[in-house]
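S.K.: Let me begin by handing over the structure; questions about it come next.
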Amino acid sequence: MSNISTTTIPPIVANLIIARAGIQRYGQPILFAVGILGCFLNILIFLRPSMRQNSCAIYFHASSWANLLCLCWGVLASMLAFFTGNNPASYNVVYCRIRFYMINFPQYASRAFVVLACLDRFLLCSTSVRQRQFCRANVAKRMVPLATFVCACLPIYILITYGPVNKLRPCMVATDVGYVWEAVTAYMCTFIIPSVSMSILSWLTVRRLRQSAQRVGRDKVSILALYSNHFLNKITVTGKDTQLIGMLIAQVILYFITNMPYISLLLYGTFTANVLESSKSTYRVAVENFANTLLASFFYYCFNGWPFFVYTLTAPSFRHELFVIFTQRMPHQTPSNTRQQNIDYIHRIAPMTN
């Protein structure tokens, strides 16, 4: 038996198969557990009274729920298929369409909310009162359902064109026109529009801050609720804006790193859709399966599972809010601690609501 396996399966192919199984057995459960915990902690923080009337925090709160849906329909469903040995998406057309629609819809929504948060912070730094009117909680509460509706309409084609196929993915577009349409829409809505929007808005925000510093003739400018890598807080920006620039670049880099490989995989699948499976070598099939698992089933969801840790590492005020949440729930809280927390809340600048 071992002689047959060694002669029919090259060692590099066997290693790819083992690596793919390792991602499914260990990588996905870790990502899911860490991501779910992070999403719930984000939701708790953005539900705090100091955040609920903050326009940018509302966008981040909505994005956390979208990330939660992505992890459940994407990572959890893939885990169940692996551990049970049964993937309904490979034979049930209804489940196939619903699952991939529920993956793409919250993915689009998550990115849309982040772009809206970037726009919110950009307008907040404006000297125009009219532009700052956009940075109100009631405006954000209207924009969230509107963005949700638009993002729900974008992947409607999945409910029509998807079906079980025996190709790079067990469930994908089953028509030739659908391949091209999905590649174009996915590339635009998943990579081009969000990444370009976040990059430009982040750069313009920094530019406005520098202009404000020059205008007031100070070396640093303190603004309310500045966008800091998906987190809304009060940040003091130095003359070189190093901390702010680092936070903005971290967000853009995270998005590029976690989405560009997946887009490349989609383009590869589109351009090789007509290649017969029988014409592919064993090595090529193993590489495609490994890349599909690594990029489409794991790496693609890192943007949904890592925000909490990005916030924690880049925003000290986020760590403070997290600490307050846990200390408030500790049973041995003294009155002096309670008074100190009240003082902290009094001295914290409230978000602008008008």
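From the backbone N, Cα and C atoms, a Cβ is placed for every residue, glycine too.
Pulled from TrEMBL, these are the listed features:
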DOMAIN    38-300  domain 'G-protein coupled receptors family 1 profile'
TRANSMEM  30-47  transmembrane segment
TRANSMEM  59-85  transmembrane segment
TRANSMEM  144-165  transmembrane segment
TRANSMEM  185-206  transmembrane segment
TRANSMEM  244-270  transmembrane segment
TRANSMEM  290-313  transmembrane segment
S.K.: Can you name the far-off residues of the same chain, 6+ from the ends of the transmembrane segment (290-313), with a Cβ under 8 Å from a Cβ of it?
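M.R.: For the transmembrane segment (290-313), the sequence-distant neighbours (Cβ-Cβ under 8 Å, at least 6 residues beyond its ends) are 16-17, 19-20, 23-24, 27-28, 31-32, 34-35, 37-39, 41-42, 63-64, 66-67, 70-71, 74-75, 78, 107, 110, 168-169, 229-231, 250-251, 254-255, 258-259, 261-262, 264-265, 319, 322.
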S.K.: Mean pLDDT across the domain 'G-protein coupled receptors family 1 profile' (38-300), rounded to an integer, is what?
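M.R.: Averaged over the domain 'G-protein coupled receptors family 1 profile' (38-300), the predicted model reaches a pLDDT of 80.
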